[in-house]
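K.L.:
Just dropping this structure here.
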Amino acid sequence: MTAAVVAAAATATMVSGSSGLAAARLLSRTFLLQQNGIRHGSYTASRKNIYIDKNTKVICQGFTGKQGTFHSQQALEYGTKLVGGTTPGKGGKKHLGLPVFNTVKEAKEKTGATASVIYVPPPFAAAAINEAIDAEIPLVVCITEGIPQQDMVRVKHKLTRQGKTRLIGPNCPGIINPGECKIGIMPGHIHKKGRIGIVSRSGTLTYEAVHQTTQVGLGQSLCIGIGGDPFNGTNFIDCLDVFLKDPATEGIVLIGEIGGHAEENAAEFLKEHNSGPKAKPVVSFIAGITAPPGRRMGHAGAIIAGGKGGAKEKISALQSAGVIVSMSPAQLGTCMYKEFEKRKML
């Protein structure tokens with residue numbers, strides 16, 4: 001068993017308690033399947049579903065609830081092509097002028113939905129994700145925070161054994177293509193169509209990076225909040241692969257935080273795939289430099305355990321991959337602008 005598998009199993013046990021051992025073993029088997037190339041390739045192929053635009057048809061799970069109603073209204077006002085939603089037992093009714101369905105499968109069949117956003121309470125969110133996977137919705141964005149980690153281990157096991165559905169989240173702000181499609185809770189007005197791809201584990205720091213890249217005139221091509229939980233559906237590498245292949249994305253902002261190995265893995269990916277004269281500039285900020293070991297800092301995944309997952313190690317790994325690491329989130333925009341200026345990209 002590799003160090004990554006051991007670390008993931010330890011995290012599952014730590015987060016879920018001793019009863020998490022079974023879930024940890026399940027996750028370990030999932031990682032081993034990925035490493036052996038079994039089915040992992042099919043889920044990787046779903047990265048293409050991360051691209052959203054003005055033609056993306058979105059449904060909302062938890063449509064008639066308080067959060068679903070508020071954020072669906074915001075999405076409609078932004079111009080997102082929201083085509084309906086689901087609330088079990090309320091099928092056949094109208095909400096916000098759109099049809100309500102009992103199941104995701106029915107919603108997809110009737111509307112042609114290509115994406116779903118989930119605003120379902122934590123105890124039921126994993127079941128909502130699984131329902132979307134079973135309905136083969138291409139992109140599922142789960143906003144819900146506080147989903148039991150054992151539930152997400154099982155969801156991840158299911159995800160990595162198929163290739164039709166891509167999950168972003170949970171515990172994330174969502175994804176936005178400025179001016180075209182907003183799926184999530186981010187404030188639309190701070191975004192501006194532009195040249196920078198942003199990926200982040202932190203929601204509020206995503207907004208900070210967005211505001212700054214807007215202020216310096218660079219704007220954003222696509223912004224993805226991958227969430228702060230240990231077991232999510234999309235990681236840094238998935239998003240970096242999308243950004244590196246996207247001609248509209250000329251620079252990348254990566255915002256990480258303490259806990260796990262996602263940033264170190266991203267650094268290795270960038271070393272291999274973003275080097276040479278045509279490499280895209282990457283600017284990063286890692287939150288939690290002063291965080292004490294063993295204490296969870298906000299997100300379930302933001303914890304330094306067993307001497308691993310510290311900010312200094314992540315910063316060192318990213319710098320070795322040619323990433324410009326800002327020591328302050330307030331400098332992300334200016335760091336990227338200076339790099340564009342240096343490369344004569346303005």
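Quick reminder: no glycine exception, Cβ is built from N, Cα and C everywhere.
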K.L.:
May I ask you to find which of Lys90, Lys94, Lys164 Swiss-Prot records for the CoA site already listed with Thr64, Gly65, Lys66, Gln67, Ile143, Thr144, Glu145?
P.N.:
Lys90
K.L.:
Hey, which of the recorded positions Lys54, Lys81, Lys90, Lys105 is the loneliest by Cβ count within 10 Å?
P.N.:
Lys54
K.L.:
If you measure from the CA of Lys57 (N6-acetyllysine) out to 10 Å, which recorded positions from the list Thr64, Lys90, Lys105, Thr144, Glu145, Tyr207 are inside that radius?
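P.N.:
So the list is empty; none.
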K.L.:
Going by C-alpha positions, which of the recorded positions (Lys54, Lys94, Tyr207) is nearest Gln67 (CoA binding site)?
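P.N.:
Result for Gln67 (CoA binding site): the nearest of the recorded positions is Lys94.
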K.L.:
Please determine which of the modified residues listed here (Lys57, Lys94, Lys338) has the lowest count of neighbouring CB atoms within 10 Å.
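P.N.:
Counting other Cβ atoms within 10 Å of each of the modified residues Lys57, Lys94, Lys338, the minimum falls on Lys94.
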K.L.:
With H, G and I counted as helix, E and B as strand and the rest as coil, say where DSSP puts Lys105 (N6-acetyllysine).
P.N.:
helix
K.L.:
Consider the modified residues Lys54, Lys105, Lys338 and say which one has the Cα lying nearest the Cα of Lys66 (CoA binding site).
P.N.:
Lys105
K.L.:
These are the binding-site residues: Thr64, Gln67, Thr144. Which one scores highest on other Cβ atoms within 10 Å?
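P.N.:
Its Cβ has the most other Cβ atoms within 10 Å: Thr144.
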